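**Q** Below is one structure. I have some questions about it.
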Amino acid sequence: MLIQVEKKDVEHIAPSNTLDAKGKPKSWRNYIWDSLDKSPEERKLLFKADLIILTAGCLGTFIKWMDRANLNSAFVSGMKEDLSLYGNELNYAQTVYSVACLLAVMPVQMLLTRVQPRILIPSIELAWTIVTFCHSKMNSAMQMYVLRALLGIFETGHFSAVVYLAGGWYTKNELGRRLAIINMATSAGPMFGSFLQAAVYNGLNGRNGLKGWEWLFIIDGIISLVITLPQFLLLPDLPARQQPNFIFDEASIELARDRNSREGRVRQGRFTLAQIKSWLVRPELYMLWGLSVFNSIGYKPSDSLALWLKAWNTKEKGSFTVPQINNYAAGLPAVIIVQALTGAWASDTIFRGRRWPTIVICGTVNGIALVILAATEVFPKHRAGRWFLYYLTGTLQSTSSMFWAWTQETFSGDPGARAFASGMDNTLAYLVTATVPLAVFQVKDQPAIVSGNWTAAGEYRRLLFCYFADSLCPACCFASPITALCLAYYQRRKRVDGDIDDIPDSETVSASYEDPDQKDTIEDNDSRRQEIDLPILQESKGSK
């Protein structure tokens, strides 16, 4: 059930009205950063929230993806030979990691409705930091599988937990940009990891009897530890559950609740069967999950870039050194970062908070790039063209902050639904990550797996796998914009029919503005909850 948090009798300023009648920012300052045209009090609140949530979210996501991606960096930097990983052991390790994530993500996600993010988020970061240190002592494939399973258990749910926390503090026209900045760390982590591996390999390989790839995991662990510990003290709770402290006073908390009226003044009580049923009958849930699945499959060919560079050494000996492979592969995450930030800024401003235009554009570009990759030679005479296409294979991945923001907005006002939908976004992503690579992205077939033309030199079994891989990824890239259009159309129809379950953020939209994706009133939604037997209980003054 949902518990309504009562309004405190504390003097505080009302949220700023920054959008015009068409839902676009009134001031050019908003196009640069959304807090620049707000009141001093609200700017101060957002500055504190950004300083803590964005910094912790970015750094936590950064170390997660750095630790996660550095297995590939270690693999091409000597670990393959040292551990005799000449088969599909890397595939199996990735699958073990994904299965562990798959099993643990929902329990972690639902804990967010009970445990303070200040405790939960840094606790799982500290646990995976310890596991990262242990990676430096691996000496067999079996040890690698065990450590990747533990890493998956502790890393799972981290990003969705950060998104869940951000969804409670930021309004619709603020959330996209911030999630893109946080999501940027998913690309910055592997990019930094590639540069780090190159530096470690050159500077520490052989030092104190440790190989370069072993030093990589040790340095990863040290960086992670420094980032994790301060979060136990600084991270806030959701506004509806936040208590006054040395960072947020009572007036700031009330302002935060007013800014996001549906989410700011309701918290999750005990779960009821009626509430869970109400989640499962909403078509938006399944379309958002579809976006997560298509995103997870569509970007998989991007993993082939580093292996493609390494494979040139078997065709033309000495083509690329180990540091060059790591450094050149870092260009792909850099491209994704630029695409993600550009799309998010456009979504929050030009597209008036709509998420589907960015998904449609990026999914189409990514699909076209994969079709061309499938129709060209793996080792062409001129490398630049194929190299450029590999840099476009992460275009769809750059939109992940869009469907994450869309999920938070669609289920705003029901913390349990937000946690459940976000958790399943992650669960399905881990599911396809654990299964699809075993069938169509086997390491022993890389980098030829992304080109059907390469199969002319292979056997019939490989022909089937490569054909499926080349067809599956472009299909998922094109399915993503189609699903986004369907979801946008469905929500528009609900708005026209007066049966949508979302509203604009309180007092940030002018009275004459009708949100392009969401339109309703709190009273309408309260009546709907009563119809499906989802009571909102008034919180007593003494409760927390």
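In case you wondered, yes, glycine gets a Cβ from its N, Cα and C as well.
Annotation comment: TrEMBL describes 516-532 as compositional bias 'Basic and acidic residues'. The domain 'Major facilitator superfamily (MFS) profile' annotation in TrEMBL covers 53-492. Annotated region 'Disordered' per TrEMBL: 501-544, in sequence order. Taken from TrEMBL, the feature transmembrane segment covers 92-112, 144-167, 179-201, 213-235, 325-346, 358-376, 388-407, 427-443, 464-490.
Give me the structural setting of these features: burial, nearby parts and distances.
**A** Beyond its flanks by at least six residues, the transmembrane segment (144-167) meets 53, 56-57, 60-61, 64, 67-68, 71, 83, 89, 92-94, 96-105, 108-109, 112, 117, 120-121, 124-125, 127-128, 131-132, 134-135, 138, 175, 178-179, 182, 186, 235-236, 238, 263, 404-405, 407-409, 412, 418-419, 422-423, 425-426, 430 of its own chain at Cβ-Cβ distances under 8 Å.
Long-range contacts of the transmembrane segment (179-201) within the same chain: residues 54, 57-70, 73-74, 77-78, 159, 162-163, 166, 212-213, 215-216, 219-220, 306, 322-323, 326-327, 329-330, 332-334, 336-337, 340-341, 343-345, 394, 397, 400-401, 404-405, each at least 6 residues beyond the stretch ends and with a Cβ under 8 Å from a Cβ of the stretch.
The list of residues near the transmembrane segment (213-235) in space but at least 6 beyond its ends in sequence, with Cβ under 8 angstroms from a Cβ of it, reads 52-53, 56, 59-60, 62-63, 66-67, 70, 73-74, 77-79, 82, 116-119, 121-122, 125-126, 128-130, 132-133, 135-137, 165, 193, 196-197, 200-201, 204-205, 207, 247.
Within its own chain, the transmembrane segment (325-346) has Cβ neighbours under 8 Å at 31, 73, 76-77, 176-177, 179-181, 183-184, 187-188, 190-192, 194-195, 197-198, 201, 302, 305-306, 309-310, 357-358, 361-362, 390-395, 397-402, counting only residues six or more beyond its boundaries.
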**Q** Any idea what the model's mean pLDDT is for the domain 'Major facilitator superfamily (MFS) profile' (53-492)?
**A** 81
